[in-house]
There are 2 protein chains.
Amino acid sequence: MITLSHCIDLDRRDELAPLREQFSLPENTIYLDGNSLGAQPKAALKRAQQIIEHEWGTDLIQSWNKAGWFQRPLTLGNELAPLIGAAQDEVAITDSTSVNLFKAVAAALHIQKQNPATAAKRVIVTERSNFPTDIYILEGINHFLGQSYEIRLVDSPEALYQAIDADVAVVLLTHVNYRTGYMLDMPALTAHAHQHQALIIWDLCHSAGAVPVDLHAAHADFAVGCTYKYLNAGPGAPAFIWVPKKHQAQFLQPLTGWWAHRSPFAMQPSFAAAGDIRGALCGTQPMISLSLVACGLDVFKQTTMEKIRAKSLALSDLFIQLLEQYCGSHPLQLETPLEHERRGSQISIAHPHGYAVMQALIARGVIGDYREPHIMRFGFTPLYTSYQDVWKAVHILADILDHKKYDANLEKNAVT
Amino acid sequence: MITLSHCIDLDRRDELAPLREQFSLPENTIYLDGNSLGAQPKAALKRAQQIIEHEWGTDLIQSWNKAGWFQRPLTLGNELAPLIGAAQDEVAITDSTSVNLFKAVAAALHIQKQNPATAAKRVIVTERSNFPTDIYILEGINHFLGQSYEIRLVDSPEALYQAIDADVAVVLLTHVNYRTGYMLDMPALTAHAHQHQALIIWDLCHSAGAVPVDLHAAHADFAVGCTYKYLNAGPGAPAFIWVPKKHQAQFLQPLTGWWAHRSPFAMQPSFAAAGDIRGALCGTQPMISLSLVACGLDVFKQTTMEKIRAKSLALSDLFIQLLEQYCGSHPLQLETPLEHERRGSQISIAHPHGYAVMQALIARGVIGDYREPHIMRFGFTPLYTSYQDVWKAVHILADILDHKKYDANLEKNAVT
């Protein structure tokens with residue numbers, strides 16, 4: 001029997017526990033949705049004030065050089081790089097994940113077309129259960145290219161190996177599934193793709209800052225991801241894109257804005273690629289939202305991804321154990337793998353009235369979210385989630401289920 | 001002889017003068033670069049604080065619905081619409097100008113291909129002197145489409161009429177030239193393009209908030225523009241895109257992110273276009289930078305574009321008159337048309353040592369900027385530029401030129 005006092009004791013012994021103080025969290029709330037929107041670092045407001053009052057208000061146009069606005073997508077990219085196993089000058093923080101996906105897919109297809117050995121390949125592989133925007137972007141590119149590719153949607157992680165065959169030009173996979181929390185085997189799938197001369201793009205939206213990622217160790221080709229989930233960069237903060245040095249010279253994609261030009265201020269009437277990580281840039285970036293990415297990253301510098309991972313697994317293991325202990329009699333279906341190697345930093349559980357139960361939880365201050373069909377998602381963010389939080393969340397869930405304190409007829413609203 | 005006291009008198013009688021108080025401007029500075037980065041509305045800091053502390057910090061994930069984050073690109077688009085002659089539900093504030101240009105050009109090419117009467121057209125027209133990103137984006141799209149189009153770069157505004165002929169699919173023009181301040185005749189060029197069954201896209205980066213624009217009166221097809229210049233939305237704030245209702249159902253472009261889906265939260269594995277202005281969206285937007293767009297727009301609500309235009313012309317006329325009066329003996333070349341109908345809200349003057357002279361001006365607190373070759377740009381932003389500012393700026397310029405207080409051998413740095 002796991003008790004609250006046991007969880008309090010775990011918190012007392014938790015080396016990461018003091019980091020919670022660096023976040024502003026609402027009172028009477030157990031926030032288990034950092035996998036969707038990370039909490040606010042307390043440093044964010046002061047940083048925003050500095051940018052608005054000083055960089056924008058006082059220095060105005062001069063801040064492009066003086067404050068390093070022009071370089072900021074790359075300087076912040078360099079700060080993020082260690083969290084995903086990227087080298088310096090390989091990461092840009094810019095645009096949205098969807099736009100960055102577009103760049104990576106277009107560039108990968110272009111590279112394959114340039115190589116006589118791969119030019120004829122006409123299949124793009126992804127998972128049917130991938131986050132929809134990944135699939136939509138593939139559809140958008142394919143439509144633009146006259147439907148000249150087959151988009152092969154694969155129905156299970158196991159089936160990926162067979163689906164990635166000699167016809168495949170590009171593979172686009174999300175490392176940790178947004179719905180189930182299933183974590184794919186990045187090194188194995190990358191090696192498999194390369195055996196078939198396919199290029200592989202990893203979507204790290206649910207990985208960066210959540211699980212250790214080593215893109216170089218896996219020999220991956222490209223990666224994208226968002227900063228506003230586990231990286232706590234703020235709502236809709238610009239996303240990142242990783243282009244390793246091995247591909248930078250050939251990284252050509254259609255969003256050839258002036259920030260990707262070799263000499264943007266020469267104002268030349270013809271595009272000339274920078275040939276480095278700037279090739280992943282397009283146009284002017286939202287400097288206030290972009291700058292706050294630093295506040296989230298600063299917290300990560302105080303610990304390691306290994307320590308974060310250890311606590312993440314401890315939190316999600318505890319959650320599962322407490323579910324068994326307190327909610328074992330209810331029709332809950334664990335959608336996330338028990339196996340550590342295959343688990344991200346969230347736990348997804350299906351319940352026939354998942355939507356209604358989640359609304360009841362939210363009304364009681366336990367903030368998770370809902371995804372079709374029937375799935376309640378609970379994110380565990382070791383920088384600010386405590387063991388007590390987990391105990392209290394399950395305790396409230398048990399109360400809601402035991403006493404049917406949810407409206408089984410509740411109509412679904414727009415869900416986030 | 002125009003005196004400082006005459007200018008002080010003009011300020012006293014200026015109906016817009018009180019609006020200057022709503023902006024935070026640095027002391028001892030004459031800011032004539034609002035055409036590059038608009039000044040900071042004093043309301044911006046408080047608004048940022050509300051978003052960071054309350055919407056992000058306290059309400060967290062619930063703000064997507066509760067605070068209207070999901071709708072914000074469109075609600076703010078509706079606020080901007082009247083400034084450019086757009087109707088409600090036709091403007092989105094999202095992504096960068098470069099990315100929005102890409103969407104508009106791709107969608108326009110697609111529409112032309114669908115129409116048997118225009119499907120064979122293979123020419124895209126723009127000006128060689130256009131802001132480079134506009135040309136680069138055309139090149140990027142064309143490269144992606146296997147170089148199947150000719151990009152026709154036109155060398156003068158007058159030559160546009162002949163260049164837009166029966167072979168032209170799409171015309172992309174910047175209403176006010178970034179370098180010279182020359183304003184094209186939007187209604188006439190739009191009518192000419194339509195006579196030849198070409199679709200026309202207007203880049204309003206140097207028009208929105210600077211000069212009256214009436215997209216519907218001109219029967220234009222698409223428009224894009226940025227919010228961080230005359231609209232004072234903050235450094236790199238998201239740009240806008242205008243898709244009139246007449247084209248919304250056919251507005252298909254390759255950046256088909258989930259925000260453009262008919263039911264984004266149904267999480268369907270196949271894209272289904274919303275068929276309305278949401279078709280111009282792609283992915284999640286930088287909510288803090290985006291939200292501050294409202295602070296800039298709020299100032300515009302207190303006056304009219306006609307009053308702004310009248311003061312803009314009065315300011316730039318005064319600048320020209322004072323240049324003649326005080327700097328007539330120096331080799332200054334006016335690059336901006338004297339004709340009001342063809343003039344934006346900036347004055348560009350060439351000088352053999354334009355770069356060095358501009359650096360000397362900046363050192364003396366007169367902030368303009370420099371563009372290749374030899375051009376000094378001075379932006380006039382009626383919401384916060386005074387007649388006295390203009391007098392003082394020219395007075396300082398005259399002193400610099402009269403006494404050669406600039407370093408003719410100065411090497412060029414990265415320029416903004």
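The backbone N, Cα and C atoms fix where each Cβ goes, glycine too.
Automatic prediction, not curation, is the source of TrEMBL annotations.
In this structure, A:THR133 (pyridoxal 5'-phosphate binding site) is part of a helix by DSSP. The pyridoxal 5'-phosphate binding site feature in TrEMBL is assigned to A:THR97, A:SER98, A:PHE131, A:PRO132, A:THR133, A:ASP134, A:THR174, A:ASP203, A:HIS206, A:TYR228, A:TRP258, A:THR284.
TrEMBL lists A:LYS229 with the feature N6-(pyridoxal phosphate)lysine. Applying an 8 A CB threshold to same-chain residues 6+ apart, the list for A:LYS229 (N6-(pyridoxal phosphate)lysine) reads A:GLY34, A:ASN35, A:SER36, A:LEU37, A:GLY38, A:CYS205, A:HIS206, A:ALA208, A:GLY209, A:ALA210, A:GLY379.
Our reading of the pyridoxal 5'-phosphate binding annotation (A:THR97, A:SER98, A:PHE131, A:PRO132, A:THR133, A:ASP134, A:THR174, A:ASP203, A:HIS206, A:TYR228, A:TRP258, A:THR284) yields a largest Cα to Cα distance of 30 angstrom. The binding-site residues A:PHE131, A:TRP258 differ in how many other CB atoms lie within 10 Å of their CB, and the one with the most is A:TRP258.
Checking the recorded positions A:THR174, A:HIS206, A:LYS229 against chain B with a Cβ-Cβ cut-off under 8 Å leaves nothing.
Sequence-distant neighbours of A:THR97 (pyridoxal 5'-phosphate binding site): residues of the same chain at least 6 apart with a C-beta under 8 Å from its C-beta are A:THR133, A:ASP203, A:CYS205, A:VAL224, A:GLY225, A:CYS226, A:ALA239.
Sequence-distant contacts of A:THR174 (pyridoxal 5'-phosphate binding site), defined by Cβ-Cβ distance under 8 angstroms and a gap of at least six in the same chain, are A:GLU127, A:ASN130, A:PHE131, A:ASP134, A:LEU184, A:TRP202, A:ASP203, A:CYS205, A:HIS206.
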